[in-house]
Amino acid sequence: MAPAGAKRNILERLDAGEIVIGDGGFVFALEKRGYVKAGPWTPEAAAEHPEAVRQLHREFLRSGSNVMQTFTFYASDDKLENRGNAQRFTGAQINEAACDLAREVANEGDAMVAGGVSQTPSYLSCKSEAEVKGIFKRQLNVFVKKNVDFMIAEYFEHVEEAEWAVQVLKTSGKPVCASLCIGPDGDLNGVSPGDCAVRLVKAGANIVGINCHFDPMICVKTVKMMKEGVERAGLKAHYMVQPLAYHTPDCNCQGFIDLPEFPFGLEPRILTRWDMHKYAREAFNVGIRFIGGCCGFEPYHIRAVAEELATERGYLPAASVKHGNWGAGLEMHTKPWVRARARRDYWEKLKPASGRPKCPAMSTPDSWGVTKGHADLMQHKEATSLDELKPLFEKAKANKVLFS
């Protein structure tokens, strides 16, 4: 159980050297459970199926999460209305429902509520700074009304848009985190991780880091580069990391969305709970103290993070009652060869097989090389037509021949 006492805000915890554990990938988890549609990736389930969102919050809380992030990813009105995505709820309705659910579960344990905003179709379509900031401001109004504990600007491929988000969120007076979905090569305009971090801190972010698009070790490496950049600039910040739960050694600068397996064939890449132990330790050793997960992370992954850092945190998560340390529960298995696996060195040295004889170890990512301002990225409300899809199909075929 978490230690008793009044809840402190995230900066008080991090300033005291504590480890804050985030939650996992709600969008992917709820898509697999049948509550989110792949493609739009929008979070209307907070209003349509609150019981599903509430239960997932509870599972992450039980697994050790200190942060209940509102299920508001892509909940801006321009995204909700993008490409024929019919909605029964407005962004404000979804965001309010998400805040209520996160607060309800956070109050059941030692957790804080984080309101989140993410990149917008309007930015990709070259709308003005004022228009994009207006979108963030409308979302922020709900988070202020619901009195969330802190703010997260996450999943930004362009540091400029992330700066705009931070500047808006900072007006709330609450602590602000900013995490980019970039790798060691920097954002999609080639701004290095270190320079991105400096810009975000100067914009007002208290905590900077990386989420999504890449696996844990790549994300930790990128946050380390951010930390070095901030320190070179003589600035101060805390650091966060919320990576994928998928191995991505073959990804290019756009991360896993360029993999041919995205999004429906990624399961062979899922990290084991033992991989998560390595991730948690590496993140801690680099100096990251806000450690969580993004797409692919399930509650058992977060439990593994919490168990690896139990000594530093001073307690185990509640869910560890049902999980023996390093497989110790297997001591009670009926088969002796399974009982023989009840030891740490077995799981630390295991090299899991995929069971897919003709599958390659790695893939060739799509490499379209398009970003903000390109005609292919201009967003619109109308559903994508067959005439619009045909040239994309042809380009995909051509790229496959070119890079195979």
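Placement of Cβ uses the backbone N, Cα and C atoms for every residue, glycine included.
Taken from TrEMBL, the feature Zn(2+) binding site covers CYS212, CYS294, CYS295. The domain 'Hcy-binding' annotation in TrEMBL covers 8-309.
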Quick one: give me the count of other CB atoms within 10 A of the CB of CYS294 (Zn(2+) binding site). 30
Near the Zn(2+) site, what residues other than CYS212, CYS294, CYS295 in the same chain have a C-beta no further than 8 Å from the centroid of the listed C-beta atoms? GLY25, VAL27, PHE28, TYR155, CYS181, ASN211, HIS213, GLN242, PRO243, LEU244, GLY293, GLY296, PHE297
Looking only at Cβ atoms, how many others are within 10 Å of the one on CYS295 (Zn(2+) binding site)? 28
Could you list the residues of the same chain, at least six apart in sequence, whose Cβ is under 8 A from the Cβ of CYS212 (Zn(2+) binding site)? GLU154, TYR155, CYS181, GLN242, PRO243, LEU244, GLY255, CYS294, CYS295
